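I'd like to ask you about the structure that follows.
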Amino acid sequence: MKKIQREFQKIYYNLDKILLLFFTLFTFMEFIWIPLNSWISEGLLAMTGHAYLSPTNLLSVFAENLLVTGLFILLFFVNIAIAYLELALLFTGVWQLLDEKVKHLPDYLRDVRDSMVAIIRHSSLPKVLFLLFYSVILLPSLRRVLNIYYFNKIVVPQFIVDYLSNTVWLGILILFFLLLFFWLASRFMYALPNIYFEHRSVKESIAYSWKKTRGRKQVSSFFRLIWLVTFPVLLFTGIGILLYLVQLVAEPYLPDTGPSYWLAVVCYAILKLAYYGVVALFMMGFVSLLTGKQLPNYRRKRLRHRLRLAILLVSSLVFGTQGALALYYPFDTLPVTISHRGVDNGNAVQNSIESLEKTSQLKPDYIEMDVQETKDGQFIVMHDTDLLALTGNPGGTHDYTLAELTGMTASENGMAAPVPSFDEYLEKADELRQKLLVEIKVTKADSPKLTQNFLKKYGQRLIAKGHQMQSLDYRTIIEIKQYSEKLVSFFILPFNSIYPTTVADGYTMEYTSLDQNFMVKSWIRGKSVYAWTPNEEESMTKMLLLQVDGIITDNMTELQILMEEMKENRRYSDLFFLQFQSLIYNFE
């Protein structure tokens, strides 16, 4: 017990330094650099004359103006450098805490400054690339827990992960590489202090770490790293559950919602303080493991409370303000529900009349489906540009007439259904009073007037019945808005990069890269945001907390159950628990 008390005393003595380090750095990144970086990026994009940046126009954007391209490249390297220095500051700040010499705050700040100057002086491209490789590929939990901006932008879209995972041998291969990367992270981890603190080369540092973890030591290093990553999650989970139970037990005895609300705000502020405290413990444990240093012992008379309590109070006020906003009934308006390709947990073949009939019984707000042009200029309901996987026929929709395509059978998950024309699908949807989110899929084989022909034939009917449209092709969106402002259209973005300036009514964003900054800009500019395609409760909850305008999912039943629970459970304990979950996700 005395040992635990001494450890808490050590942490309390360094509380001013810990809070100042993490709170100042994260606040600077969140409220200064990230908005500034976004503003610069949007300005550069505007200089190219393009409204957006996505994989579909990447080459044309950067080929437009060489000067602007050079500035984009410069901004990219500045962001990488800042991410490198952000990681360096966190490592250095914690390393200085573990110094055997007892330091007051001014001494600590001076030593951190001197260390950072030395790190900058000895920086090199190989060091930056190695740290990028380590924190993004080998140990991604490091960049997520520390919220390293720009490194966190590097994500694999979930729909790609889902596709790879659904193939058994690819899933096994992914698992193998995950274990391999974590093993390499445990073998390379001792290179980090050599790079940052000893200023050795990457080659020397890796050789040192590899030698230090050879033989039986590689097993102990592997499991020590697992424990180091796992312990903060367990500790924070315990604290969060305790605070949740306090809120849950107290609510029935509070006279009205006012005290319950403010108790939840206080619990939220404590939770955020605990989160950064746990992150600090993780970093201290990590750096201690790498360097062999521990927090020094302090005499009791050295514990001066005033500065620590002042920093703690300021941090608590900021976190309390965040909690007051986050817990003020964020779910008064829940997002619209959209079934992806018309299915619900694989209840039928995608984009089929059968799936439309089955899923419409759940009464989603919209059913998303895909339309492609045929050889004879008609329109077929089909997602894949290659028909082989679904129908067993080679080629794409432009290789067949409408009659030939509707004579085919699509097979999926042991089920089969006829391939429908868009006329059939739309007729059935209107009969069922089911609104559609119609995606126009564009290929190189399309006729020049594909969108115009489609709108001429179906435009007024889509408007009259309240259907919506979306597309990955921005030219299609422009033509839709030129046809009628009343026809709501969404521009699909597979990745969140630079905020677009388009005529679209909103954006359909792949959810893994969707963040609060994108949502705030969309609210300011009056654009709706649909998240595509969260299929698990965890990812759905994330999107609900972001307060997106719509969720496109393959699991409509699960989404509806989750949303119904949120409508019925309006207790602040439930809202607090959701915020707790969102912080837990940062450790994953």
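Cβ atoms here come from the backbone N, Cα and C positions, even for glycine.
Among the features that TrEMBL reports, transmembrane segment is placed at 12-34, 66-91, 128-151, 163-185, 222-249, 261-289, 309-331. As annotated by TrEMBL, domain 'GP-PDE' applies to 335-563.
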Tell me if the transmembrane segment (66-91) touches the transmembrane segment (222-249). I count contact as 3 or more CB pairs below 8 A, with pairs 6 or more residues apart.
no
Averaged over the domain 'GP-PDE' (335-563), what pLDDT does the prediction give?
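Overall, the domain 'GP-PDE' (335-563) comes to a mean pLDDT of 96.
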Please report, as numbers and ranges, the same-chain residues at least 6 past the borders of the transmembrane segment (12-34) whose CB is under 8 Å from any CB of it.
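Residues packing against the transmembrane segment (12-34) from afar: 82, 86, 89-90, 93-94, 97, 103, 105, 108, 112, 147, 149, 276-277, 279-280, 295, 298, 302-303, 307-308, 311-312, 315, 318, 517.
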Quickly jot the same-chain residues contacting the transmembrane segment (261-289) by Cβ under 8 Å, restricted to those at least six beyond its ends, or write none.
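For the transmembrane segment (261-289), the far contacts come to 11, 18-19, 21-23, 26, 90-91, 94-95, 97-98, 145-146, 189, 193, 224-225, 228-229, 231-232, 235-236, 239-240, 243-244, 246-247, 250-251, 254, 295, 312, 315-316, 319-320, 322-324, 326-328, 572-573, 575-576, 579-580, 583, 586.
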